[in-house]
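Dropping a structure here in structure tokens format, bear with me for questions.
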Amino acid sequence: MGGGERTSMGALVPTVKSEPVNAGETSTPAAVAAAVVEEETAAVMEAVQEEVPVEKKEEEEEEVDKDILCPICMQIIKDAFLTACGHSFCYMCIVTHLQNKSDCPCCSHYLTTNHIYPNFLLNKLLMKRSARQMAKSATPVEQLRQAIQQGCEVSVKELDSLLSLLMDKKRKMEQEEAETNLQILLEFLHCLRKQKVEELNEIQNDLQYIKEDITAVEKRRIELYRTRGRYSAKMRTLVDDSSAMTVRPPLRDKGSGAIVYSSVNSQEQGRAGTSQTRNTDARAPGNSQIVQRKDENHGGSDSQDPNQPGKAIARKKRVHAQFNELQDCYLQKRRYWARQSQKQGERVANLMNREGYSAGLEDFQSVLSTFTRYSRLRVVAEIRHSDLFHSANIVSSIEFDRDDELFATAGVSRRIKVFEFSSVVNEPADVQCPVVEMSTRSKLSCLSWNKYIKNYLASSDYEGIVTVWDVTTRQSVMEYEEHEKRAWSVDFCRTEPSMLVSGSDDCKVKVWCTKQEASVLTIDMKANICSVKYNPGSSAHIAVGSADHHIHYYDLRNISQPLHIFSGHRKAVSYVKFLSNNELASASTDSTLRLWDVKENVPLRTFKGHTNEKNFVGLTVNSEYLACGSETNELFVYHKAISKPAARHRFVSDDQNDPDGDMGSFFISAVCWKLDSPTIVTANSQGTIKALVLAA
């Protein structure tokens, strides 16, 4: 192809200026390529050999980097090929291009695979450049290795000196590495010794606590034995004195001179015995009723004399079954009171109770006594919460009134039913009738009795309405409709009976006053509100359980941010309840309960055993125990000092369509303690309500 009138469009690697071809001369593609290669080589060599300042070199290297890029893939050229028009490309790039088109990608000149040639010189320059770059980044060892591999001439003497130097360097490095290893090992051993010394000191302190407590308990036992011995001796003396006073002196028969005992004595004793027997029989029904009442309040026939051997053995078995938990509880309380004594001085350290126990031992004895006292739940009454007009029987909430005489239930049946507890327990029937029943417009989620005004009851429902009811008149006193979505929780304040708080799916907590028609305070949060609860000792503090997995503890005098945020649950917090002014319990759909100290802002304990992954299963607390439902249709009771369940009770299905008693579709939906007693009322998703009592 005659290219006399064509000029080069410029090369990629340093810019090449093409000289015009004489008009009379013709040139072949090979000749043109050779000329271009020669010019490119000269320019590259000139640029490489020139000495320029470092900054200028870097700029030129950047330009070179741009020029050695393939115009097609924009990467450094690999296996460079030159076209007849003077452009260089990667071989694979230009071949692939020419399979689809027959022109140069740079100048659009006609081009085929017959018009491209290997650019050997450019490939060599690129290899040298790559080697220089590798040499710059290579370590001295790599450079030495490359020099030897490339055949660098070295004498034997030089190699000996080099080997000697390398051996010295190796020994020095090995010594340094050994010293480092020994230093690390020594530091580890020091840390281990420190840790074990601390553990030993802690164990020694624990052993000292145990030794002191054993001495105190043994001393107390000796005192009890002595007291019992003195009591027994005194009783024997009283019996002997009574016998001596009852028997009259013998009479001597005048006729025979024989000694005759008065028959009047025996006759009076016989009459007295008969009278006593009759009185005992007459009092028997009353005693039976007393026992029954005791059964209701203290576990019934299972609450026998704690000194009886059988019960003592059972309690010992419970101790061994939960030994690790009880051990942790004992040490925790003992150490806590030891720290408190150190903070407050010897005055507290030497403070003993009337039995001679330290504060820590007394605290643990209370836990041990209450925990081992009960092991099961016994049914004392049952109500079928059936409704002829509503097939849905789920009870969402159960609450006792101020005096623990009445309890109210509510749920999806849109009815609030109030029962008298004594009637339910003492007069069992197939279907118990409520003493009060009130209808609502929507499904109910929560109830709360006013702890000052006995007949006031608050409810929250699925339409977001918070209602205050007068149970006596069966009419609503106030209705609050500010919530935009379902209200899950409502609670009356204990210290300020006119105040109540509610939480809703609209992410708002609202504080209400029964003397006003609108809310007095609103807290906007970022997640749905599942539960709200007033601190029983304050009208200014509330706990909020949220779907964001946290418990927010607010001071209502400053709602810009919570006082504390308790984190630990892995799912939504469904319930919050106060055991005391400082102890807060929470339930979550992560199948755990947690206990928190709101004063110190610390977690105290985590309770596991029940199953709760999606439903509201209820939570109730008293001063010593927590109870919650489970999605296995079981009720679980925990002692607040022990993480594992103390007792449980399974509801038995009475569904005709569930002959095998499969509890998979049923769950406990509401629970409530009878204040500071072992009695609890609970309901499940079938609408069955049971009164249970803790038993041995």
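Using the three backbone atoms N, Cα and C, a Cβ is placed for every residue, glycine included.
Pasting the relevant annotations from TrEMBL:
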| type | residues | note |
| --- | --- | --- |
| REGION | 1-25 | region 'Disordered' |
| DOMAIN | 70-108 | domain 'RING-type' |
| COILED | 156-220 | coiled coil |
| COMPBIAS | 263-279 | compositional bias 'Polar residues' |
| REGION | 263-317 | region 'Disordered' |
| REPEAT | 480-522 | repeat 'WD' |
| REPEAT | 566-606 | repeat 'WD' |
Between 0 and 100, where does the mean pLDDT of the domain 'RING-type' (70-108) sit?
90
From the DSSP assignment alone, can you count helix, strand and coil residues within the repeat 'WD' (566-606)?
0 helix, 24 strand, 17 coil
Of the residues in the repeat 'WD' (480-522), how many are helix, strand and coil by DSSP?
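So the repeat 'WD' (480-522) is made up of 0 helix, 21 strand, 22 coil.
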DSSP on the domain 'RING-type' (70-108): how many residues come out helix, how many strand, how many coil?
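Tallied per class, the domain 'RING-type' (70-108) gives 10 helix, 9 strand, 20 coil.
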